[in-house]
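The active site, proton donor/acceptor annotation in TrEMBL covers GLU82, HIS236. According to TrEMBL, the feature active site, acyl-thioester intermediate maps to CYS114. According to TrEMBL, the (3S)-3-hydroxy-3-methylglutaryl-CoA binding site annotation covers TYR146, LYS245, ASN279. The domain 'Hydroxymethylglutaryl-coenzyme A synthase N-terminal' annotation in TrEMBL covers 3-167. Per TrEMBL, the feature domain 'Hydroxymethylglutaryl-coenzyme A synthase C-terminal' maps to 176-250, 260-354.
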Amino acid sequence: MQLGIDDLAFATADRYLDLADLAPVHGVEPAKYTVGLGQDRMSVAAPDEDVVTLAASAALPLVERMSEQDRASIRTVLLATESGIDQSKSAGVYVHRLLGLPAAARVVELKQACYAGTSALQMALALVARNPEQKVLVICSDVARYDVGSSGEPTQGCGAVAMLVTANPRLVAIEPVSGLHTTDIMDFWRPNYRTTAVVDGRLSLRAYTDSLSGAWADLQAQGGPAFADIDTFVYHQPFTKMAVKAHAHLTRLVGAPRDAEVMDAQIADSLRYNREIGNSYTASMYIGLVSLLDHATDDLAGSRIGFFSYGSGAVGEFFTGVVQPGYRDHLRTAAHRRLLDDRTRISHAEYSAIVAPVNPVDGGDHEVPASTRNPFRLAAITGHQRLYERSAAAATAVA
Ligand code: CAA
C-alpha cells in the first residue's frame, strides 16, 4: 500500500513588496536580491492575517473538494508553524473550526523551525499506515519576520500549504526511508518575547549545508535511493538561491557531474513560486513541491523527487517521493497562478506601516479593521482572545 500526499494547495497574502522597492532603502542594487538571493517579491501579511487565517485559506479548497463522508474521515489535523499566535492553544484548533471539520478529531501544533511541517507529514503517514481509512490534514503556515533594516529583511514572506495525507495518494507517494540529522546550533531562533527572528546569517548558511550532508549520509546508510535514481529535487527555500547552493553542494558531495544545465533542470521548476512569495518557513519546501508539479512541462508520473527539509536549530531530513500517474488531473495550477497574479503591489511606505504584527497586550477590546481579500481574517483581539471570521471581502468575491 502506498501512502502520501493526495491533495495539495497553498495560500499567501493578497499583497506584496517588490524587492526593487526595498533595495534603495538598504542602499544596494536590486540585483543583490533578484540575482544574489534569487528573490523578486515578498508577500506581506495584512494586519488582519496571521498563521491561522493563512492556514485556513490554504486548506479551504481541499475541504471544499471533499464529500461530507471524506471530511468525516479527517480525524487528525497537524499544524506546523514557527510563528504561532499562542503558547498553549494550537493554531490548528481555530483552523479546524473555521473549516467546519468534525469534532471527532485530534488537533495539535508542531514546532521545530522550518522543519516542523516534515515532522507533521511523517507523523501523518504513520497514522494513516495504522488505519488507512483515515485521512490526516497537514498544514504548514508561517509569517517570516526579521528586523527592519537587517540583512534578513529581504528574505521575509508568508504563506501556508495544506496537504491531505492518505493511502493510495493521487499526487505523490512518500517512500519509507528518510535520512535524519539533528545538531544543537544557534543559527536562527525566536525567543518568546520577540516578534522577529534572531539570526546569524553566515552560520545559518553553513548549518543548512552541513545538515544536508548529514541527512544525505544517513539516507544512504539507511538504504535510501542513490543520487542518480532521483529525478528532481525540492529543497527548503529561505530564499531560492539557497536551494541552488544546496543542490550544488549535494552534487559535489556525491561526485556527480556538475553540468549547469542538468543541475538547473533538476530544481528550476520548484523555485518559481517562492521567488514571488519569499520565505514561508514551514510551508516553503512544500510550496516548492506545488511549484514543481504546477510548472513541469514533462509528465512527472513515475519520477522520483528528493526532498530536503531544514529547520534551524537544527533538524534536517532528506526523503523521497514518487509522483503518481494521473496527478495532473488533481492540480490547482490556474488557481495558484491567479492567487499570485491578483496580489496588490504595495509601496515601501505601505509595507512599513503593516510589517509589525497587530499585537496589543493589555487585554482590552481591539477591533482589527478589515483589510485582506483572503477567505479568513482576524476580526478582533479582545480580552486576550483572538477572534477569527470568514472575510466579508472574500464572500463578496465568491458571490
Ligand atoms: N548583484 C548580484 N549579486 C549580488 C550583488 C549584486 N549587486 N550584491 C551582492 N550579491 C550577492 C552576493 O555575492 C551573495 O551571493 P553569494 O552568496 O552567492 O556570494 C548574495 O548576493 C547575498 O549577498 P550577501 O552575502 O552580502 O548578503 P547579506 O550578508 O546581506 O545577507 C543572508 C544574506 C545572510 C542570507 C541574509 O539574507 C539572512 O540573514 N537571511 C536570513 C537567514 C537565512 O535565510 N538563512 C538561510 C539558511 S537558514 C534556513 O534555511 C532556515 C530559514 O528558513 C531561515
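Note that Cβ sites are derived from N, Cα and C of the backbone, with glycine treated the same way.
No curator has checked TrEMBL annotations; they are predicted automatically.
Mapped onto this structure are the features recorded in TrEMBL.
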residue : record                                           : Cβ neighbours (10 Å)
GLU82   : active site, proton donor/acceptor               : 27
CYS114  : active site, acyl-thioester intermediate         : 30
TYR146  : (3S)-3-hydroxy-3-methylglutaryl-CoA binding site : 21
HIS236  : active site, proton donor/acceptor               : 31
LYS245  : (3S)-3-hydroxy-3-methylglutaryl-CoA binding site : 17
ASN279  : (3S)-3-hydroxy-3-methylglutaryl-CoA binding site : 30
Separation of alpha carbons, GLU82 (active site, proton donor/acceptor) and LYS245 ((3S)-3-hydroxy-3-methylglutaryl-CoA binding site) (Å): 24
10 Å Cα neighbourhood of GLU82 (active site, proton donor/acceptor): matching recorded positions from TYR146, HIS236, ASN279: none
The residue listed as 'active site, acyl-thioester intermediate' to HIS236 (active site, proton donor/acceptor) - Cα separation in whole Å: 8
Secondary structure content of the domain 'Hydroxymethylglutaryl-coenzyme A synthase C-terminal' (176-250), with strand meaning DSSP E or B: 35 helix, 15 strand, 25 coil
Rounded to the nearest Å - Cα separation of TYR146 ((3S)-3-hydroxy-3-methylglutaryl-CoA binding site) and HIS236 (active site, proton donor/acceptor): 18
For (3S)-3-hydroxy-3-methylglutaryl-CoA, whose listed binding residues are TYR146, LYS245, ASN279, the greatest C-alpha pairwise distance in Å: 22
Cα separation, HIS236 (active site, proton donor/acceptor) to ASN279 ((3S)-3-hydroxy-3-methylglutaryl-CoA binding site) (Å, whole number): 9
Helix, strand and coil counts within the domain 'Hydroxymethylglutaryl-coenzyme A synthase C-terminal' (260-354) (DSSP): 53 helix, 21 strand, 21 coil
Mean predicted confidence [pLDDT] for the domain 'Hydroxymethylglutaryl-coenzyme A synthase N-terminal' (3-167): 98
